[in-house]
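As recorded in TrEMBL:
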BINDING   A35, G36, A37, G38, S39, G40, K41, T42  ATP binding site
DOMAIN    14-356  domain 'UvrD-like helicase ATP-binding'
DOMAIN    357-681  domain 'UvrD-like helicase C-terminal'
Amino acid sequence: MIGAVELADALDMPRPTDEQCAVIEAPLVPSLVIAGAGSGKTATMANRVVWLLANGQVQVNEVLGLTFTRKAAGELSTRISGHIESLRRSGLLPAITGQGAAGHDGATDSRDLFDRPTVSTYNSFGNTIFRDNALLVGREPESVLLGENAAWGLARRVLLAAGDERLVPLGKSLDQLVEAVLSLSSELSENVVDTEAVAGLAERFSYLVDLPYTEGKAKSSPYASVGAAVEPIGALPLLVDLARSYARQKQAKGLVEFSDQVALALEICMRNPQIVDEYRSRFSVVLLDEYQDTSVVQTRLLARLFGGHGVMAVGDPHQSIYGWRGASASNLGWFGRDFGSGEVPTFSLSTSWRNSQSVLDAANTLVEPLRTQSAVDVHRLKPRPDAPAGSVEYRFLETRDDEAEAVADWLALQFATHVSSGTADAAKPLSAAMLFRVRSHMDFFAAALDRRGIPFHILGVGGLLSAPEVVDVVSALRATHDPAAGSSLIRLLSGARWNIGVHDLRALAEVASWLASRDSFHRPVSQDVTRSMRESVAPDDSASIVDALDFVTEHASTHHQLERFSEQGLERLRHAGRTLATFRARGNLPLIDFVRFVEQQLLLDVELAANERVTANGGSRGALDAFHDEIASFLAGDDEGTLGSFLAWLDRAEKRDDLSPRTDEPEPGTVQLLTIHGSKGLEWDVVAVPRLVADEIPAQSKEGKGWLRFGVLPYEFRGDASSLPVLEWRGLGSQQAFDSAVKTFQAELAAKHLAEERRLIYVAVTRARNSLLLTGSFWATQSKPRRASTFLAELAQAGLIDDVPAHSEHEENPLEADGLTARWPLDPLGARRGRVEQAAELVLARIQSPQPLAAGRWQRDLDLLLSERDRQIEEAGLAPVPNRIAASRFKDYVTDPQAVARSLRRPMPEKPFRQTRLGTRFHAWVESRYGIAGSAELIDSAAADSDQTPDELPLEQSQLESLQATFEASPWADRQPLEVELEIHLVLGTHVVVCKIDAIFTDGERYQVVDWKTGKAPTTPEDLEVKQLQLALYRLAYAKWKGIDPQLIDAVFYFVADDTVIAPEQLFSEKQLLELWPF
C-alpha cells in the first residue's frame, strides 16, 4: 500500500497535510468532507483519485466526479488527468495492476487504465441518465433542453393563451404571473411533489377566514394577517393548473428543463433497478463537489444510485448561498441518513491556502455564530504556514459619495503599492474586485474609479446594460415599444444625440399633461371621464411624453402648445420624433436586424469608432457585440420572440444574473465589480466590500412571509422541510391565534435570513487573498441615516477593526443640502472639447489647402527601408503575408506555401465557381431558416452577384433545393443553434485568422461546432487531416471567445450532398496549430 505522502514524493507534488492524508486515504465507503473556503478541496479530490489508482483500488473509468459549473468540472478533470499522467511517467504502473474495485481482470491494458474519468456537472449527469433511458418513461431521448430564457418565453405564451377567468381578480401583471408559474413549476420538480396535494392545501387553509376574531374578547374586524395569508394561498390551485399546462406544453414540444431531467432521471431509477445496478458497477468511487448546493431531487437521485457506495461528498455549510434554487445548508447534516446507515466517517479540511492571517481572522469571527449551531462539525479556518499577515481595513463615512471616493482611493493605493513593492510578484498586475449585495450601487462606485483612471469591468448582463451605448439602444427600444417609457425617452433626448435642454424637456412634459386631459381629437374631456381615467391607470401612465413627442412632431409650429419651445429645441425634438417614428415603421424587422438598425440611426457606430477610450481587447463595438450575443441567446430559446417579450426577458435576465455564479477569470490590473452571489468560486489579491450598512448587508428579507407569498410552494412539501421554520396554522380556534402564530413564524424566518446573510458575508470576505476593505456610510438617498452593519460591529467587538461610529454628524441628509451643481445636459465631449475642435480645424484646413502634404522628418528613412524590404522579398521570391487570414485558407498556407506566395505576388481575378455560389446560397438559406441573424436577403444578393448564365440558373436552383431537402431530413433540422454564421477573429501568433463558424449547438454541457459543406466528403485520411485544420481553428476561436476549455467543444463536418457527418478523431491544439504555421 502506497501512502499519500509517499505517492506525493514520487510524483514530485506538494506533501499533503495530515487532514488531507486522512481524506486521500479514506476507505471506499460513504464519507463526508467539510472543506472550508480556499482549503484545497479540488487538489485533495484529485490526489485521492490518484492514490486509489496507485493502490489498485479503482481504475480510471470507474471514477465519477460531479460539481456545479462547467468551469469547476473542467478544473477538476484537468487536475485529475494531469495527476494520472504524472503517475504514468513515474513508473508506478505495476502498483496499479491487479483487481480493481469493480472486480476487473488484473491484466488490464494500460490504455484502459488511463481512460479519462467521468467528470461533469450534476445536471449533465442527470441529463445523461434521462437521455439514455427516456423511452422507459415515455419521453423522447432527443428532447431539446429548455434554457431559462426559452422557459420564460414558453411560460409567457402559456399565460397569454390561458384565458382563465381566475386570473383577473389576482391583480398581477403578466411578468409576475410568469415568474410565479416558473417558480412553482421548478419547486414542484425539484421537490418531487404531488400537485393534487398542493392544490388541496388551499381549500383546507381557507378555514381561517371563518374563525372568530378572538377567543373571549370582541374584535370588530378580521385580522389583516389572515387576509394577507389566505389570498396568495388561495391562488395555488390556479397556479398549479398553469404549471401543469406549462408541463404539458413542454412535453408536447419535446422540451425539458434541467430540473425535469433530474426528476425524470430519478423516476427512471426508481422504476428500473437494473439501471441503478449498472451505474453502481460502473463507478466505484464517486466524488460530490459543492454538496451543500445540491437540491432535493439531485440528492435523491444520487442517493438512489450510490447509497452505501464509495461516495465522498465535499462541501461547506458556511458557503451555502444558493437557497433560492433549492439548495439547503442542512444538506450536509443529512448525508449520513441519505447515503449511509446514519453515522458516516467525517473529515475536515481547515487550512486555508488562499487567505492571509487578517482576512481569516475576520472570516472566522463573522461565521462563528453559524459554526456553533451547525449540524456538522465545522473547524475554524487556520492559515497556511507561510501565510502573510495581510490586512483588513474599514471606512465608515458620512455619505455614499465619500464612501465611493474612499474605496477608489484605497484601490489606487493598493495598485501603486504593489507596483513599487520591488517583490518578485510586482511585475504581475494586481487582481482586484468590488463585491456588492445588490447591483444598484455598481455604477456609482465605478464612476469614482473612472475619475481616477482605474480600469474597471462590471461583470454580467447588468454590467453590459450599464454601458452607455447599450443604455441608449435599450432606451430607444423601450421608447419605441412602450408609450409609458418616459424615462427611457428622456435618456435619449437629453443625451449626446439630441442634447435637449431642461427648458424644452419641461415644455414637453407640459404638452403631455395637456394631452392627458384631452380625447383623441384634442378636445377637453369631462370631469367624470378624467376621474375614471385617474382611477383606472397608474399616475405615471396618465401623461405620456412619448405621445407628446409625436404631437410635437406632427403639428405645426403655430399650434399654441408649441409656443413654449425654443426654436432649436423644437427642431431637435422633431428630429427625435421622426427617428422614433422610423423605428416603429421598421418594427416588423427580425429583432436582431431591428436592433442593428436602431444603432445605426442613433449613430452609435460612428460615435464608438471615434471614442478614444475604447479598450483594446473589446474593440469599438465590444459592448454592442456582447449585447447582440444576448439577443441571439434570447432568440435561440424563443424563435417567436417579439420586441416586447425581449425587453421583459432583459429585465428578468438582469435580475437572475445578480444571483448566479460567475465563470469570469480575474483580470489583473482591472477592478471587477460583481455581486457577492456571483463571486462564489473566485478569488482576488485585494477585495473591497462596500455598503456594509443596516438593511443592505445584512439586507432586508424579501421573504419575510415565507411560504405565505404568491407562487411559493408551502414549506411542508419541500424536501428540506425539517430545517425550515414551521407555521402552526392547523386546528386553531381564532384568527388571533393565527396572527400570533404568524408573528412567531416571521421571527424564525428573520433568524434564518440573518444566517443566510452571514454566509454571504463569509463568502465575500474569503474571496480576498491578501487585503480586504469593508466600508459603509450613514447617508445615501434615504431621508434617515443608516447605522453600521452588525457585521462591522462584531469585527470591532473582536478587536479586528476600530470602533464604528454610532451616529452621523448630520441630522439631515447632507447630500440634499450640499448636492453638486452641474450644467445640464452635459457636454458630450466634456474636457476633450478643446482638443477635438482643434483637431477638426487642422483636418479641415489641410483638406482645403491646395498644397500637397509635406513629407515628415522620417519620410526619407521610411522610403529607403520599405524599398529595401521590397527588394529582399523580390529576390527571395517571397510575398508579404496578409495580417488577416481566412480560416478556410489556413490549410493552403500550411500545405503549399509556395503556391500561396505566387498568388500573393501576382493575384489573378477568379470567376466564381458554381459550387462556390451554391455553397453561399445554401449557407444563407440555413442562416435565414434558423432566424437568428435574419440575413435572408443574402440569398438574393449571392445570386445577383454570381455572373450566372441563363442556362446555369435552373440547374443551380435544383441543386439548392436538393440540399435543402436533405438538410430538412437531417438531425440538424430539429435542433436550435446557439449561434449561426458567427465571425470570430482569432489571434494566432502575429496574425489574425478570420473564423466564420456556420453553427454552434449545445446539449447544456458540451458544445458542438458544425461546418456545413456542400461539396464532396474527403475520401482519404490525408485529405481529412488537412480539412480538420479548419475545425481546429473554429474550436480554438470559439473557446477563446466564450472563455471555456477547448476540450468542452466537439467539431464536425456535415457534408450535405452526401448526408454524411464526419468527426475527425483528432483536432489540433493551439500549440500544434502554432507549430504548423510557417510565418
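Heads up, the Cβ atoms here are built off N, Cα and C, so glycines get one too.
Structure coloured by features recorded in TrEMBL.
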residue	record	contacts (Cβ under 8 Å, 6+ apart)
A35	ATP binding site	K41, T44, V314, G315, D316, S348, L349
G36	ATP binding site	D316, H318, L349, S350, S352, V378, H379, L381
A37	ATP binding site	D316, H318, Q319, S352, R354, N355, A363, L381, Y762, V763, T766
G38	ATP binding site	S352, W353, R354, N355, L381, E683, T766
S39	ATP binding site	L349, S350, T351, S352, W353, L381
G40	ATP binding site	Q20, L349, T351, W353
T42	ATP binding site	A72, E75, L76, R79, D289
Cβ-based neighbourhood (8 Å from the centroid) of the ATP site, residues A35, G36, A37, G38, S39, G40, K41, T42 excluded: T44, D316, L349, S352, W353, R354
Assigned element (helix, strand, coil) containing A35 (ATP binding site), judged by DSSP: strand
CB contacts for K41 (ATP binding site) [other CB atoms within 10 A, all chains]: 23
G40 (ATP binding site) - helix vs strand vs coil (DSSP): coil
